[in-house]
Amino acid sequence: MRYARQEDLQKLALLMQGSAEGVCLADIEREFDVSRRTAERMRDAVRNAYPQIEELSGESGRKYWRFPPGSLGRMVEPTLDELTAGHRAAAIARREGDEVTADVLERLLVKVQAMFREDRRRTIAADLEAQLMADGVAFRPGPREKIAPDILFALREAILAGVMISSDHRARGTTKLSRNTRLGPIAMLFGQGRQYLLAWSEYQDDLRLFALAGFERVSLETDVYQRPEGFDLQDWLSESFGIWREQPRDVEWRFLPEVADEAAGYMFHPKQQMERLEDGSLMVRFRAGGQQEMEWYLARWGDKVRVRYLTNSRNFDPDTTENDVSGE
């Protein structure tokens, strides 16, 4: 019996092309969730179609199969959708201030498109322009801060190397310049408007957010920085709504029936829970800090949402535990 699923065979051929050591039968079984006999038939089908496939023997005598580099040719050419996704990622990175990533992506895409035949390049260029124009990512208006590319490059290098940095940083509110500030960088947080570095501050002995636009100098140190044991960036971020840190509290947002369907289409928080109430309204529950940013965001919903904070914390007036964000 011959194996005839074209998509699986094409995927297997790509796996053989992309692996320097090759693909064994156990790899095929695991990747496609098939039996040993089916894995053998798939291997045979690819070998029959591509006789240039090499057979290698591993240290334990296990056999591996791979394509010689570059032998698949146009079979691995990226599709228009894949190229569009790459250009879209570059546009988003540039729009949000990550100029270094945008430049790297654009250089990669130029190299990829340079591999096309000339007639293919012309066709792809026209189709890409039309698709990106329809998408509109690069043209979306909105403010963002300008960050020096050398600052971004140095911070990224420090994060990847896991070393401390010495920096001169100007505070946003007071404009005070702190010189030779030693930080252990963890991650750069890009988004609409302002961008931040999450780092451990040696002076404050705690994690802090530093506006990327405030860095006037960054130099890498030789001593290694290790993030706190058990630290999870996604969990840390989910404790806040937006960027500002404050003690998390349980929050309930009740969207009135006339906007409930629209609100149900949003992901307000990664750990949210949604519940439809008997009157048709939508209840959204999650736990996070950032009351001010919540109210800034919810202002767009006007008097169609009610907010309730179930636990109090410092700088929070318990007399305003339930209200609508319009102030009415």
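Even glycines carry a Cβ here, placed using N, Cα and C.
Some features that TrEMBL has for this protein:
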DOMAIN    151-218  domain 'WYL'
DOMAIN    254-307  domain 'WCX'
Residue distribution over DSSP helix, strand and coil in the domain 'WYL' (151-218): 14 helix, 38 strand, 16 coil
Averaged pLDDT, computed only over the residues in the domain 'WYL' (151-218): 88
